[in-house]
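The compositional bias 'Basic and acidic residues' feature in TrEMBL is assigned to 1-14. Taken from TrEMBL, the feature domain 'K+ potassium transporter integral membrane' covers 62-551. If you look up TrEMBL, you'll see 564-816 marked as domain 'K+ potassium transporter C-terminal'. Residues or ranges marked as region 'Disordered' in TrEMBL: 1-24. Positions annotated as transmembrane segment by TrEMBL: 51-71, 98-120, 188-207, 227-246, 258-280, 305-323, 335-355, 375-402, 423-445, 457-479, 486-507, 513-530.
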Amino acid sequence: MYQVDIDHGQEKQSRPPAADGGEESIHAVGQEGMGQQIHLERRKGKLTSKFTLVNISTNLLLAYQSLGVVYGDVSTSPLYVYRSIFVGKLQNHQNSEAIFGAFSLIFWTITLIPLLKYVFIVLSADDNGEGGTFALYSLLCRHAKFSLLPNQQAADEELSAYKYGFSGQSASCLPLKRFLEKHKKSRTILLIVVLLGACMVIGDGVLTPAMSVISSISGIQAATEHLSHGGVLLLSCIILVGLFALQHSGTHRVGFLFAPIVTIWLISIFVIGLYNTIFWNPKIVSALSPYYIIKFFKETGKDGWISLGGVLLSIAGTEAMFADLGHFTASSMRIAFPFFVYPCLVVQYMGQAAFLSKNIASIPNSFYNSIPDIVYWPVFVIATLAAIVGSQAVITATFSIVKQCNALGCFPRVKIVHTSKHIKGQIYVPEINWILMILTLAVAVGFQDTTLIGNAYGLACMTVMFITTFLMALVIIFVWQRSVALATSFLLLFWLIEGVYLSSAFIKIPQGGWVSLVLSFVFLAIMFVWHYGTRKKYNFDLHNKVPLKWLLGLGPSLGIVRVPGIGLIYSELATGVPSIFSHFVTNLPAFHSVLVFVCVKSVPVPFVSPEERFLIGRICPRPYRMYRCIVRYGYKDIQRDDGNFEDLLIQSIAEFIQMEAVEPQLSSSESPSFDGRMAVISTRSVQSGSTLLVSEEDFGISNSIQSSKSLTLQSLRSAYDDENPQMRRRRVRFRLPENPGMDPAVRDELSDLIQAKEAGVAYIMGHSYVKARRSSSFLKKLVIDIGYSFLRKNCRGPAVALNIPHISLIEVGMIYYV
């Protein structure tokens, strides 16, 4: 174990002072240094071994695996694109020239947006290897003060993942940065834009399964006249129910099937497209020229512009390349798409166009009619499997979006099941899964037409891309430190292209497009109401903190009896003592001899390493035995109950007490105010070289339960263990080492800590009710008293979300008037 003092230099001047006047000082204890440096260098691609044989083979393997997870959606778009283009008034222009122009539009759309924008530009804007809308927002919040929840601390900026990217400030971006930071409304608008993008992705999770499965199953109807449209719909619904029912088993259980299916599918459509090009009309190659786009619009006019809503379906699912970046690498994506997915799609669309140019009447079922009879049924089976794979990918992406929203305080607490012990991103959210299934079935049964579903699907996809372009422009300015002119050029170029498609999609709102808007705005309302209520509750705690002078006036006994044991008081506050503590003191006749204020919070980084997870500090002078523990998680971290949280917490506090004795900066002899002095305690160093000696016993043995506990509690604990055998764990006991040179005051404090741990640990939470003030506006009362209260009553309780054992939980009610 070694200690590292972190000198903040001039940075302290721009940070807010610690609560109640305490000057904040940060120390790191642990073995981070070299390992983290190598990790960061590797993530930034600066290691000399970047192009070694091992690295290339790893990226090739990841590129192959990404085919099943990332490209299932975009690779199944040939099933329905041409049919979606030539509907409505464009039916009057069904001729070979219009088909040439449609293919040219598809080719340049795929080239400019997925290939140029995403592969070569957007994939570079990762957040420590993570991608997606929230990754961009997280980067922006770290490089400028855009976050609306004021729970960030100076210590968070010392996280190794926090400083990922460029450092320093560009002079050209300072005026824009000051404007956005100064005006709260601009930050609120930015959050709404990010949430809207997330909601559109959730909308994709509803629309994609219905669109893909119905399109693939329609191949049966094309091959046989005996199956009616109702039969196709019934079969599609059965497959959709089975798809959502299998989600609980986890992606990893069926993941080995995904990549081969999509690989075979892409090879099949490539071969069929090449055959159709050669056999039907080789002249279609000339349509690669943008001249045919101009010719297309000259002939079709406004009808051609409206048909762009069908063209954009060819790039539906492109956002998954960036959203699923955390499962793979940017290099693997840059191998898979340009060298395999892109050529297969282009050749397939070219082959379909060649076939349709000679078979105009086949447009309503272009894909299946273009398949040679000899391979029809094998391709149909592969198409159905590929559609299911594409649906699986977007459902998994929806689960990830919900988890990220939940971590950043923008979504009600839901049950999150981690389906893989090895892959962090593979999760399952039961409530969201069944809601998606019900909505997907409702869309499939309600519309029964892939054209109408495609209108909603295209609007959702293009809106997400439009928002990503806007956030990327901000990243270019604030994160990459490039000029505003460069960011503006990027924004205008792609907004011009995407804006044309988006305007065409908006025209089709009455023809099904309204579904994506309704779904998105419902989820957006839920997210914003939850975030608004959470922020108001946090601000109430922030402005009604218990004054330290009041606690100091009560004395070390706090004016009540201090009984043996440890009380873990959970609060959302990262600094100061929450107002609910005064409720505890005035309503409970006795309190524990050791008090720890625990704050579990999310920081705007994807992952927090275990070495940096715990921040330990002291509240009030040493005799009070009051501490603070901040447990930090990234927005993609797994908050698992490993059963050793209590033990790690006790060891971390012991490390802090020992370190405090030798560190003058943390000495408690001169100042009565200690709130704000924090130390980063490495869990790895705690486990390898703890201040306390550790021994283990089986928790189920009767002599491991201390005599200081009542017989009633012993019987309750035994009954609880018998009913929950999976929760039985080994009991850890601590004792002080024989160290004659230890400070007597430190020894006494450590001894009190051990005795309190032996007496038992209680988890104390406030059972809060949030209500709007009587003077509040009608809209605020509607949001808080009805919307937020309804969501709080129907989501998972905070104790369940934090894995707090119910047998040790104490709750005290309190009303928040916000």
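Here the Cβ of each residue, glycine as well, is placed from N, Cα and C on the backbone.
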So which of 188-207, 335-355, 423-445, 457-479 has the most C-beta pairs under 8 Å when paired with the transmembrane segment (227-246)? 423-445
Quick one: do the transmembrane segment (457-479) and the transmembrane segment (335-355) have at least 3 Cβ pairs under 8 Å, skipping pairs fewer than 6 apart in sequence? no
Do at least three C-beta pairs under 8 angstroms join the transmembrane segment (305-323) to the transmembrane segment (98-120), pairs 6 or more apart in sequence? yes
Between the transmembrane segment (98-120) and the transmembrane segment (423-445), are there three or more C-beta pairs closer than 8 Å, counting only pairs 6 or more apart along the chain? no
Under an 8 Å Cβ to Cβ limit, what residues of the same chain, 6 or more beyond the ends of the transmembrane segment (335-355), are close to it? 59-60, 63-64, 66-67, 70-71, 74-75, 77-78, 81-82, 99-100, 102-103, 106-107, 110, 114-115, 119, 266-267, 269-270, 272-277, 279-282, 284-285, 287, 314, 321, 362, 366-367, 369-370
Quick tally over 51-71, 258-280, 375-402, 423-445 of CB pairs under 8 Å to the transmembrane segment (188-207) gives the top stretch as 375-402
Cβ pairs under 8 Å only, please: of the recorded stretches 51-71, 486-507, 513-530, which one is richest in them relative to the transmembrane segment (258-280)? 51-71
So, taking each listed stretch (51-71, 423-445, 486-507, 513-530) in turn and counting its Cβ pairs to the transmembrane segment (375-402) that are under 8 angstroms, which one gives the highest count? 423-445
On the 0 to 100 scale, where does the mean pLDDT of the domain 'K+ potassium transporter C-terminal' (564-816) fall? 76
